[in-house]
Structure formats: C-alpha cells, structure tokens
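Some features that TrEMBL has for this protein:
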- 441-454: compositional bias 'Basic residues' (COMPBIAS)
- 500-510: compositional bias 'Acidic residues' (COMPBIAS)
- 207-224: domain 'Tyrosinase copper-binding' (DOMAIN)
- 363-374: domain 'Tyrosinase copper-binding' (DOMAIN)
- 439-459: region 'Disordered' (REGION)
- 489-510: region 'Disordered' (REGION)
Amino acid sequence: MASTTNSPSTLLTLPSFSIQTSTFLPKTSQRSIFKKKKPFKFNSKRVVSCKASNGKQNDADTSFLNRFDRRDILLGLGGSLYGATSLVRDPFALAAPIAAPDLSHCAEATVKPTGGVQTTMGIDCCPPVSTTIIDFKPPSVCKIRYRPAAHSVDCRYLKKFEEALRLMRELDKDDPRSFMQQATVHCAYCNDAYPQTLFPSQPIQVHDSWLFFPFHRLYLYFFERILGKLINDPDFAIPYWNWDSPSGMSMPEIYVGCNSPLYDNKRDTSHLPPSLVNLYGSKDNDFSRERQIKCNLNLMYREMVRSKTPSLFFGKSYRAGCPPSPGPGCVEHGSHIAVHKWVGDKNQPYHEDMGNFYSAGRDPIFYAHHANVDRMWNIWKTLPGKKRRDIDDRDWLDSAFLFYDENKNLVRVKVRDCLDSSALGYDYQSVDIPWLGSKATPRRRGRAPRRRPPFGRAPGRAMAAEINNTIAFPIVLDKIVRFEVPRPKKSRTKIGKKDEEEEEEEEEEE
C-alpha cells in the first residue's frame, strides 16, 4: 500500500525536442485478442536499435544497417534520467526499462474490430491527471488475506463482495476509484493510449511481453485495495476463477445472476454454466465433458510444467524505445486468451466485453480470471526446476506503471515491488492441482502404431512367435535390413533433454 505520508514528487515534464519522431518508428496499431497480429515493418534506413541494454542484443536487430542506436537517443534526449554517467565506464550498461507513462500525454485509444466490416474506432481511456506522484511502499503485512476460489465462496463472502462492487459502481464517474475508471486502466495500457517516455512514436503495451504478469498483478492489487476500503475491510480479498481445475471449469455461478453487480450482459450466453471452458480457444466442439476436462488439463501441464525457463513463461523482453509485442509467454498466449474469447459475446462488433482488451475490465469476471492467471505465477515458481525463478534483468525489474490507490493517490510502482504476493499481503486458497499429473501421451508421427505383445507373453517371445507365423525360413539376406533400437534415456545429453522438454510438441491421445 502506498503511504500518504510519503514525500510526493512532481510529475516529470519532459522538455520539447526538435527531433521529428515520425522519422523513427511509426506508431503501431492496437493489439486485438482475436485479430491475427501483423509483423512489425521496420524502416531499414532510419530505425532505432533495440539492441543496447545490459550488453544484450535481439537477434532480429542484426539484419538492419545504418540505424540510430537507442543509446544515442536516450543519451541525447535526456540520458541523465537513465544513468548516463555509467556510460563512461560501460557503454553497454545503459538501463532502458519501460518508464511509467505521463498521464498528461494520454491520447485516444485505438480499438480494432474482431471481424466483419466494422472500422477501427477511437475511445477515451484516459484517467484523471494528477501532478503529484507517490512512490510505492510495500504494505505492513500483519495478516495474509487469502483469495478464495470463486466456486467455493459462501453467502457471507458473496454479500460482502457484491456490496463492495456496488459501492465502486456508485462512485462519481470522475473518481479514479470508480468501476469504469478502473476498467479504463486496462484499456489505456493495452490499446495504445500511452506513448513511451522519450519515444512518443512507440506506445506502451503490457501484453505480448514480459510485462504481462507484473502489470496485471499490480492492477488487481490496487483494485482489491479499493474494494476493501469501500467496505472498511482491509482484509478483503477478491475471488479467483480456477478454470484450471475440473471443479472450476464452468463459469462461476456468482457472476451469472442478472440482478447482481457481478453480472455483465455482454457474454456468450451459450457458455453459461454448466458449459465447460475450452482452454484451447473459443471454438465450440462436440467433446464429452470427460474429454474436454482431459484436454484442458493436458494444456495446463504443457503451459506450466514444460515451460521451465523465464522466457517461456513470462514472454520476451520489452525495453524502452522498442516496438511493443515482442512475444507472449505460454500462459498468456494459451489459456489466458482462450478464456477471454470464451466469455466474450461474439454477437458484439468488437466481441465485448471480455473478448476485447479495451472493454475486458468492464466485466467483473475479468478480475477473477486474472486472479487465476496471477495464481499461475505463484504456482510456477514452486514447480521443480532450477530455472523457475523471476527474471533478474534490471530492465524488467525497473519497468514502472501508474495506478490510483484506495486513497486517490497516484502511485508509481515498479515490477520489482510485486515479485512476492505475500509481501503485498495476499495469497491464494489452496485447492487441488490435477494437471500436475496430466502429461499427454504423444502421438507417434509417421509411424505405424506399436503392437502390444499378447497378454501373458514376454516381449521377446511374442516377437519370435509373430516372426515364425509370418516369415518362411531359411532366409537369404540379399538386402540391407534396418531396425530401430530405442536409445536409453540415461545416455541423453543435456541439450537433448532440453530440446525434448521445451521444443517437442505433445499431442493428446486420440
């Protein structure tokens, strides 16, 4: 929680520059949940390089010549803000985290249609502007509040939750804590409303990169704190929708009552309970309930257990001056997007509410959905594997966002402030995690299925019996005979094991 006793700092106002930003990277269009992303087109004559940060370089940068280096831009436009003095000792040590946006530069967000002939529309997602920013201070945690599974809450909890959300909806529309203002936070950070500091031609985008998990964790943290403040209960915790478990794979009942403040009228009515979510996408299928559950669990196993490195789980690096959406992590690209699509109303022009980034925050179930996504971050770090840890790159750790807290203070918070949910005062109710043992059986591609030996026979005797019944002896070896000997797993190299674990695609057993 941000303390009101902290010394406020004045919002940084950048000086105007004569440089023409349009000659650098053009502003990219808003990312859509449904619309297939087009590859970013570079101008090879005048391109800002994204290679210079902590001595690392993106492979995609190596094919472009005659570029402006991002270090030169950062240094020339205000390098003192980014530790320019360190460049004397190490020219590649320039930190380039995504900086917190300047709210006064917020512009109209762009929203693209999800299909049909509708045109791109603009929408106002800008929050109230404040000239005072308070740096985030971790809360004093005396008691951990546990976010409950939405399918298991009791009447007492539900009454409290509905009262909190009702009060949030009744706040003045200009109050940054109001429900609609909170919903627009997601729109502003996801639909190109904020330009990057020092790189106004590049928007800030929190999806499809390593910013996805920390942004949404902090977004939910402040949303939860506001609800608790409204009902005078600092221990209040929002529920999570555990769609990764069979008991939670249908839409929680608490969100479907039309007279409840948790209800949203822009949902796919064919997916109301007891319909099971399809974590592979929004397309309906004719699977039985048993098979749909099995497929969902197999997908969760692949997303969580087989993603053993930070880059696979969190997504690719995203630094100041670089175009957005370098690449999502496995959960974001998979089950996260699938639930958005599954809930959103396909009859709406932009698949509102959950089916589009700009409107997703208008559905109360969004926060339960993302609470479970956040829970995946906690679970992932407890799974076996030495590399299952948070990213240690300072450009990730120092990336910053702005949120209004429960006291209407504008708070600047960094990724490094949210690595441990218990340090923020919350955790998740413990439930079964059945996908931990749901590894799919891989299908053998291009090969005839193995024949199992007859019951009661040893494999060698079964093979000999089959040969004797199909081949006439004696045999003349007049051609090359090839056969396959399975390689013992003990002889695999470390590289082979890594390739098998991270790159081989597993398929469900038919």
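Cβ atoms are placed via backbone N, Cα and C, with glycine included.
Residues of the domain 'Tyrosinase copper-binding' (363-374) grouped by DSSP class, helix first, strand second and coil last, total 10 helix, 0 strand, 2 coil. Within the chain, the domain 'Tyrosinase copper-binding' (207-224) has long-range Cβ neighbours (under 8 A, six or more residues past its boundaries) at 31, 37, 98, 182, 185-186, 189-190, 236-238, 310, 314-318, 324-329, 332, 357, 367, 370-371, 373-374, 377, 391, 396, 399, 401, 403-406, 411, 413, 415, 417-418, 421, 424, 426. With DSSP classes pooled into helix, strand and coil, the tally for the domain 'Tyrosinase copper-binding' (207-224) is 13 helix, 0 strand, 5 coil.
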